[in-house]
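A.B. asks: Please read through the structure below; I'll follow up with questions.
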Amino acid sequence: MAESIRQFEHQAQRQGYCRIAGIDEVGRGPLAGPVVAAAVMLSDDFAVTGITDSKRLSPRVRLRLHDEIYANARAVGIGIVDPVEIDRINILQASLQAMSMAVDNLRPEPDCLLIDGQWPIGAEIYQQTIVKGDLRSISVSAASIVAKVTRDRIMERYSEDYPEYGFSGHKGYPTRAHALALEEHGWCPIHRRSFKGVSCHNHRYFRPNPKKTACFTGFSGNACDDN
């Protein structure tokens, strides 16, 4: 299994590439919050075990692996696209934009991208798209973990700003609790108003002078991390 999850990295190395980055995003389905992407470049001697699709991991294991990836990866880049931009350009384009931003934040610059899914991004770098890449490439799996933990932390901070919605629990996804909160309070500034589960509510949540989260301001790659 350890060999098979590195097959795409080894194939790229045989083709002459030496700075290979895995790319994944999280947050396409939620009704609120940003879409977050991560780009992770691993070294040949990267030895952290247990790396797989973030959805298959418990929150506790994800957090531990997130910290180990940051400590041992050659480079990590993060890209965040906020709900206003998602509404403006649509969620697919926002996801691709977040992935491009994550690549732009990688140092050193990669010469090969392994991208989860079927859509390449707008970068003049060799790219290979991999369906279910978060299960088939260790670099993409690592990116999925970093993206997931980063977004979860953003939503937990937004839960402090807007406690009525329970963002720390459902992370903005369309759960029954979230639907009931929308029905009672309407949408708040971090909701995606173009999404059906939000647009059907015609009133806006209002609270004077809500706290402002800093997760989108001055972001430098891991500004939403606790470390």
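Note: Cβ is positioned from N, Cα and C throughout, glycine not excepted.
Just so you know, TrEMBL annotations are computer predictions that nobody has curated.
Quick paste from TrEMBL:
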DOMAIN    18-207  domain 'RNase H type-2'
BINDING   D24, E25, D116  divalent metal cation binding site
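Walk me through where these features lie, including what they touch and how far apart they are.
C.D. replies: Taken as a whole, the domain 'RNase H type-2' (18-207) shows an average pLDDT of 96 in this prediction.
Annotation note: D24 (divalent metal cation binding site) sits in a strand segment as assigned by DSSP. Sequence-distant neighbours of D24 (divalent metal cation binding site): residues of the same chain at least 6 apart with a C-beta under 8 Å from its C-beta are A37, A38, M99, I115, D116, G133, D134, V140, S141, A143, S144, A147.
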A.B. asks: So around the divalent metal cation site, D24, E25, D116 aside, which residues have their CB within 8 A of the centroid of those CB atoms?
C.D. replies: I23, V26, A37, A38, M99, I115, G117, G133, D134, V140, A143, S144, A147
A.B. asks: Are there any residues at least 6 positions away along the chain from E25 (divalent metal cation binding site) with a Cβ closer than 8 Å to its Cβ? List them or say none.
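C.D. replies: Residues satisfying the criterion: V35, V36, A37, A38, S95, A98, M99, D116, A147.
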